[in-house]
Amino acid sequence: MAPASGVRKKGAAAGRLPGTRALTDALKGAWQNKQQLLTDPRHTALLGVFLCLAEVGVTHWVIQRVPYTEIDWKAYMDEVEGVLNGTYDYTQLKGETGPLVYPAGFVYIFSIFYYLTEQGSNIRLAQYIFAALYLLTLFFVFRIYVVTKKVPPYVFFFMCCASYRVHSIFLLRLFNDPVAMVILFFSINLLLQDHWNSACFFYSLAVSVKMNVLLLAPGLLYLLLCRFGLLHSIPKLCICAVLQVLLGLPFLLENPTGYLIRSFDFGRQFLFQWTVNWRFLPEFVFQHRAFHLALLTAHLATLLLFCVHRWPRSGQSLLALLKDPAQRKPSSHRLTANNNICAVLQ
């Protein structure tokens, strides 16, 4: 009886072993898949959906728990209120923080916000409107990464959920940057879908909200030349220009010089108290004209380096971009999604 019992125990142990191994293998497989979910760019869409849903809760918590900080919102409302009251001279439009210095698209969009938020007085509603803009921006950004498949998904957690600055700009400050950015990222998505006319339209609309979107213009011009050549790029560039004229027409008819100087003022000086990236500098250095010229020179030099060394492909010069694509060498400038994004954002 004893040996038989011993045999049964041994057999039972042996019988459990395959099941244990199967369970262990299943757990290892699940863990490996979990790692892939965080590291494999092919899973960007799935993680992006999860993070967008998580951000619904995060944005609600921030709006309810973190105090709102008034900086420019009231000034925005004062500026558009002047337009709604019939003032189209840009030199006469101003708010608490100074004159109106944004193009006409800003006026139209923030006029809608003016009516939706009871003349700007309903701050909480404005915050939820900007929360919707934030979630829409996340969607467009994630879609770009889904198409390009170059960045591991775990990075996106730090880009959105763990970013205090992003939530602050969108939800606690109500700056006009979020409006410009959501339109810009929408235009980049259109570009990736090969809808060039629509992409140019919405890119120009983003410029009309805030002038700093012009920083992406060299990359967009390069892509247009790659795709269409000089002659066929002109209609696309005209879309950008005509939209600016149409949006600014009421102000151009009233005081064209005032509108152009105020809305596209390249010499405007940023106040030191609002800077984040250059806070480590002494204020007198930040405000010095030589520092501004140094930054401009560095930016132009970087663009020149990209034009000479980064953007040309297949041993051809940039002059080849001026030709019709059908007249170029077969190996010249084949655009991919990654090429498009790199060119625009670099």
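Note: Cβ is positioned from N, Cα and C throughout, glycine not excepted.
What TrEMBL records for this protein:
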- 100-116: transmembrane segment (TRANSMEM)
- 128-148: transmembrane segment (TRANSMEM)
- 179-196: transmembrane segment (TRANSMEM)
- 202-225: transmembrane segment (TRANSMEM)
- 237-253: transmembrane segment (TRANSMEM)
- 290-308: transmembrane segment (TRANSMEM)
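Residues 41, 44-45, 48, 51-52, 55-56, 59-60, 63, 113, 116-117, 156, 159-160, 166-167, 170-171, 174, 178-179, 181-182, 185-186, 188-189, 192, 337-338, 341 of the same chain, all 6+ positions outside the transmembrane segment (128-148), place their C-beta atoms under 8 angstroms from a C-beta of that stretch. For the transmembrane segment (100-116), the most Cβ-contacting stretch among 179-196, 202-225, 237-253, 290-308 is 202-225 (pairs under 8 Å). Same-chain residues lying 6+ beyond the ends of the transmembrane segment (237-253) with a Cβ under 8 Å from its Cβ atoms: 88-90, 103-105, 108, 197, 200-201, 203-205, 207-208, 221, 224, 259-260, 263.
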